[in-house]
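Let me begin by presenting the structure, written as structure tokens, before commenting on it.
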Amino acid sequence: MWGASDKKYKSNQFRAMFFKNATFIKRQKCSLCVQISIPLILVIILVIVNFWVKSQIGSLQTNGGKLMNSTSTYQYNSLTFGYMLSVNENNITEIGYKDSDGSGSGLLNYTPQLYIPAFKAYTPFFVPFASVENMDDKILAMKENATFESLSSETLPLSALIFNDFNVNNRSLDYTIQCEEQSRYSFYPYEAFVAFSMNTMTTTILNYFLGGNGTIYKSNIATLPYYQQSTTIDIASLLGGSFYPFALSFIMPLFIYSIVYEKQEKLRDLSLMMGLKIRNYWFMTYIFNFLIYFIIIVFVVGVSSIFGFAVFVKGSQFAMFLFLFAWGNSMITFSFFLSTFFKKTRAASIFGYFLVIIAVNLNSILSYQVFKDSTPPVPYYWIPLLAFYRGMSQLSTQCGIDLCPEWSAYTWEFEMSKIIFWLYIDAIVYLLIALYLDQVLPREFGVPSHPLFFLKPILNLFKNKDNDKSNTINGGSGGGRRFSETSSLINSADFDVENNNGEQEIVEDEDVLEEKEMIINRRYDPNEMTVIIEGLTKHYVGRPKPSVDNLYLSVRKGEVLGFLGANGAGKTTTISMLTGLYTPTSGTAHVAGLDIRYDMDNIHHVIGVAMQFDIFWEDLSCVETLLYFTRLKGVPPEREIQSVESILKEVNLFEVKERLVKELSGGMKRRLSFAVAMTGDSSIIFLDEPSTGISSELRRDLWRTINDLKKNRSIILTTHSMEEADVLSSRIAIISQGKLQCIGTQNHLKAKFGDGYSVRINVEEPYINTHNPTELITKFSPQAVLTESFDGSYNYRFPKNTVISDLYQYLVSHKYDHHLQEWSFSQTSLEDVFLKISANDDTIN
């Protein structure tokens, strides 16, 4: 019944996309090699730099592996000329002073000094300060003005002594030692100054209480005995913090490019119209992007491991796997997210590379300047690029100094654990946001979904059953199933089709009314019908009028329906609903006996679409292109090749089946578009402007191909060429402002809406300027009107009641006396009918 095929094909969408993508990548070998070579070149540069640095500075290893003698560590014998600072805030009189000339008093007078002839002074001596604040200000000022040449004990103090308490009776001294720790301001270790200061004060107090200067106290500072192993500094890992972020993220702009390219070239739209599910599109795109990323990871990690870079061969291998796996997933979903904002590949590519370069440098500044000794705030990890770059930098730095973290170190307090966690969260969140934005953002082709589209299934569950019944459409294979259009939040601007927004109903043409009554009353043979449209309506939110308004239309087997209308009249919206791109606001349609509201999956198996412009992957061959769409339609694998070859023969492309699409001529590409529409035993084909941009010679050839196609199929043809519609169509349907205005054969419409006949008369060349046939014509028919005249050629419009045979005899009888060279008769053209029907269409006006 309905002419539907008994074959129930199961769509092989994953298989179709897998082989298409795999073949496309195989053809893009150069591009793939470049994608892999860029990170590989960066790693090779890292290897070269590593060898060069090691050759310049030699082995960066200490003499380890032996028992260190603790008593030889930080020994102090003597220091060069210098001075010490003393602070006596409590004004303890017994502290005294010690000057560079050897004079002194109190406790400090017993400090042992050494005379330096070169300076003509004794060392060490004390410079007193009244408070710690004054001393600090002085030291900071000296450091601010210090140069490399002045960094010595001659300008900066050896140490500072802060005296807190001195009790002579109890023989107790409480003091604090302050020594220089910053290496740029000192040529000796910090411990050496501490030992010197302690020795000096111990000797001083002993001499003070013993009453003489003969006592010398010496002590050393040392560690306990230990085995010191060789500490390897991995230059490659240290530098990897800058190289690896570039190497492992340079592929992201290409991910963005590939998605935007398929949107820009309408490849995704065509695939969706041919039955591809958007979820399957994203899933397979995800899989192939991750496959490319995996190949790059294998090369980068493999080369790095061969040369023993610590970041990949030491530490926790499982943690590194989790880290790289998290980055791959988050990078792909982040590229999905970014792709939703672009319509052109050029802008997408420039932005992608710019973002990678900026993010790497921004992370370097923030990680090593702002967050060097602290953890960044949580929002820092919400940008996958920054999170990955910081993690890679930290691992590279730690592994570079032989401190690669083991698995036991990955607690929540360890920042790398947080980075890995947030990368997985980023992957999920950006995927959901990308899928949402892809549906709701404005697009170049098609209409975006309502921002709350995801609530439709929930609202449908709570829809009142009585409202469901009010929209029930019985008949066909729908079996009386109810259809309910979601209202309230999502379609608050929906309208009442019956009263047409309160406007006065326009009186329908009798042919349109007859078509409508035939469909409503089921006065047709279902076996002869391939498409039945029943009250189909589409009203976009925010627009005052529906794009398609209560449309009733039928298409028979073997019929070519010329579906005409001005731009914006509703043609594309109607076809988009029939092919499943849009859902109707109300009404329905049956395609091959299947309801577009419920059975779109099966409908896609029996329909084909040839869009206005040739839409192909240029690097696929004719066979590979058709195999992709054949698999989308669900043709069994054992029949794929046979089906494709049969279609290629039907459109005369079998001899060039292995030729790449980019090598085909314009006419061949157009025929390949028809072949795409025929895949999967399509019984209904939609042709959108089939001969646009084609030469007149190729156009005639394409028309012959279309006439051959209609033998076993129904075709719905949209075109702006009235000649094309006149030649190809079995019937013409003209739509204006969303409503069907007229329907019938070409001759019927010309006779019904035409203004009569058109007659063109040419005057003999010698008499062009002296003879005008207008007076002769008006004598025959006073109602005749001159519509055009140029260079001896005159065109007249005659009323419908004109007897053409009488006019012909009249012109023959006056041919010689009025010097008439030739004349021709024509009925009102289809273009005249179209312009007359569409005269009130505001899309034209």
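Keep in mind that glycine also has a Cβ here, set from the backbone N, Cα and C atoms.
The feature transmembrane segment is assigned by Swiss-Prot to 33-53 (among others).
The transmembrane segment feature in Swiss-Prot is assigned to 192-212 (among others); the stated evidence is sequence analysis.
For 235-255 (among others), the entry in Swiss-Prot reads transmembrane segment, with the evidence type sequence analysis. Listed by sequence, the residues of this chain that lie at least six past the ends of the transmembrane segment (235-255) yet keep a Cβ under 8 A from its Cβ atoms are 35, 38-40, 42-43, 45-47, 49-50, 53-54, 60, 289, 292-293, 296-297, 300, 304, 307, 309-311, 324, 327, 331-332, 334-336, 339, 348-349, 351-353, 355-356, 359-360, 363-364, 385, 388-389, 392-394, 396-397, 399-401.
Annotation source Swiss-Prot lists transmembrane segment at 292-312 (among others). Taking Cβ pairs closer than 8 Å, the transmembrane segment (292-312) reaches residues 25, 32, 35-36, 39-40, 43-44, 46-47, 50, 232, 234, 236-237, 240, 244, 247-248, 251, 320, 324, 328, 331-332, 395-396, 399-400, 402, 404 in its own chain, all 6 or more past its ends.
Under the heading transmembrane segment, Swiss-Prot lists 318-338 (among others), citing sequence analysis as support.
Feature annotation from Swiss-Prot assigns transmembrane segment to 347-367 (among others); the stated evidence is sequence analysis.
Per Swiss-Prot, the feature transmembrane segment maps to 417-437 (among others).
As annotated by Swiss-Prot, domain 'ABC transporter' applies to 531-762.
Swiss-Prot lists G565, A566, N567, G568, A569, G570, K571, T572 with the feature ATP binding site. In the three-state DSSP assignment, the secondary structure recorded for G570 (ATP binding site) is coil.
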Averaged over the whole of the domain 'ABC transporter' (531-762), what is the pLDDT?
85
With pairs restricted to those 6 or more apart in sequence, evaluate whether the transmembrane segment (318-338) and the transmembrane segment (417-437) have 3+ C-beta pairs under 8 Å.
yes
Got a sec? Which of these binding-site residues, N567, T572, has the most Cβ atoms within 10 Å?
T572
Run through the Cβ atoms and count how many others sit within 10 Å of the one on G565 (ATP binding site).
27
Can you work out which residues elsewhere in the same chain, 6+ from the ends of the transmembrane segment (417-437), have a Cβ less than 8 Å from its Cβ atoms?
282, 319, 322-323, 326-327, 329-330, 332-334, 336-337, 339-341, 375, 378, 381-382, 384, 387-388, 390-391, 410-411, 454
Lowest local Cβ density (other Cβ within 10 Å) among binding-site residues: A566, A569:
A566
If you count Cβ atoms within 10 Å of the Cβ of K571 (ATP binding site), leaving out that atom itself, what do you get?
23
